[in-house]
Amino acid sequence: MSWQAYVDDHLMCDIEGHEDHRLTAAAIVGHDGSVWAQSATFPQFKPVEMNGIMTDFNEPGHLAPTGLHLGGTKYMVIQGEAGAVIRGKKGSGGITIKKTGQALVFGIYEEPVTPGQCNMVVERLGDYLIEQGL
């Protein structure tokens with residue numbers, strides 16, 4: 001399966017039991033900041049933004065004082081899982097980022113999608129990639 005198919009079929013899909021509820025944007029990005037695949041709506045990010053995200057995975061709490069920035073949008077960092085998941089909130093939406101051995105899985109959402117639904121979609125794919133050694 002291509003990386004784009006993972007984004008299209010496993011991240012940008014209808015959320016179980018909620019037809020027409022789906023993430024607004026998603027991507028799989030290498031630890032080096034290279035985009036493996038992304039939705040058409042995923043924001044163009046700056047290398048410094050990706051560096052900040054990677055630093056927070058290695059030094060949990062790094063982004064808490066300044067917020068998480070992606071594509072110029074600032075998210076307030078909320079409780080995640082140290083070294084594994086970063087979660088952010090902005091207004092009625094937010095972001096979930098799951099770290100795997102080689103990549104970061106991103107999901108961005110707006111209402112009516114809930115934070116829990118975004119977490120489920122992103123973390124399920126991230127866990128699968130980890131099981132595959134990726």
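Note that Cβ sites are derived from N, Cα and C of the backbone, with glycine treated the same way.
Listed in Swiss-Prot:
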type	residues	note
DISULFID	C13-C118	disulfide bond
MOD_RES	T114	phosphothreonine
MOTIF	84-100	motif 'Involved in PIP2 interaction'
Per DSSP (three-state), C118 (disulfide bond) is helix
I want to check the contact list for C118 (disulfide bond): same chain, sequence separation of six or more, C-beta distance under 8 angstroms. What comes out? L23, G94, I95, T96, G107, I108, Y109
Measure the Cβ-based neighbour count of C13 (disulfide bond), defined as the other Cβ atoms within 10 Å of its Cβ. 13
Just how many other Cβ atoms lie inside 10 Å of the Cβ on T114 (phosphothreonine)? 14
Can you give me the Cα-Cα distance between T114 (phosphothreonine) and C13 (disulfide bond) in Å, rounded to a whole number? 15
